[in-house]
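*Asks:* Take this structure, written in structure tokens, and hold onto it; I'll ask about it next.
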Amino acid sequence: KPQLVASNDRFCRFLEEYCPVVTETYYPTIWCWEGRVQTLLRPFITSRPQVQYRNELIKTADGGQISLDWFDNNESLYYPDASARPTVLLLPGLTGTSKESYILHMIHQSETLGYRCVVFNNRGIAGEDLLTPRTYCAANTEDLEAVIRHVHSLYPSAPFMAAGVSMGGMLLLNYLGKTGRDTPLMAAAIFSAGWNVFESVESLEKPLNWLLFNYYLTTCLQSYISRHRQILEKLFDMDLVMKARTVREFDKQFTSVMFGYRTIDDYYEDASPCRKLKSVGIPVLCLNSVDDVFSPGHAIPVETAKQNANIALVLTSCGGHIGFLEGIWPRKCTYMDRVFKQFVQAVFEHGNKIFSM
């Protein structure tokens, strides 16, 4: 049974009534219950619902561009008026885009409820060109702020919330910690966020985890920036960046330098959401598994979360990183998908019961 951590009794009662999945026993798929196995198999096992996107490129203040993929849900029976249709902003993980299976499932869940979704693809990640020598990181929230302002300006009367997965969840938490209550978002859902980057990279550098995850993730990051080599090599020694064999080495040579940090430790400290949790000013539900090698259980800020009435943590003993597979053959809905669907519906349909807390 998941551990529900929340200091606010009203928030707890709200979740128990309108998001009861967080109090139900989670039964992981018995033949792949171990966290690393769940993490590795989920992308191959889960189905990929068909989603037709409408793409929009928006310009940034520094001359760059951001790719947004919209699922307008114009056939919505519950919300035929587009101006009032609830909107969910989705943030994928470190090298993820709107094509990730977990994003497609979130959109499928939102479609059945009548909601609109928009996926924030980080700069240069979804096939569009980099117009300036700048990418993205978990600590810099400027692009996210621009996207939130843009979406809200298009539908100022529509209820608006966000959901972030892995690094997308870290970015969203860092934004919320920076803005407090000064955001058009009603609430947020966070899945498999890395709370303390120092602990995350240390966990990923253990020999088996390096072999299974770290090296592959590093090559994905290198592949991403190599597509934009022509514009990036004006500022970086790309040959040195391409020699990195861990995420830490990549961040040391590239990410921390790009965003002006004196040292990689300065970057990791700024990127760790656990340091900003006390400042979050809207209701946030966070789902983590304590066997997630990307976000080890001992680094989840349980005591800090208890100091903010807006925060609720849901901690499972199994599930891995963006895994949460359940059932004998977990092709369709995961535990994470059910948490997402129930919480988003709870906020949009019954949110007034928690916004007065």
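From the backbone N, Cα and C atoms, a Cβ is placed for every residue, glycine too.
Curation does not apply to TrEMBL; its annotations are automatic.
Annotated domain 'AB hydrolase-1' per TrEMBL: 86-327, in sequence order. Per TrEMBL, the feature active site, charge relay system maps to Ser166, Asp292, His321.
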*Asks:* For the domain 'AB hydrolase-1' (86-327), would you mind checking the mean pLDDT of the predicted model?
*Replies:* 97
*Asks:* Restricting to the same chain and to sequence separations of six or more, state which residues have a Cβ under 8 Å from that of Asp292 (active site, charge relay system).
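*Replies:* Spatial neighbours, sequence-distant, of Asp292 (active site, charge relay system): Gly35, Thr39, Ser192, Gly319, Gly320, His321.
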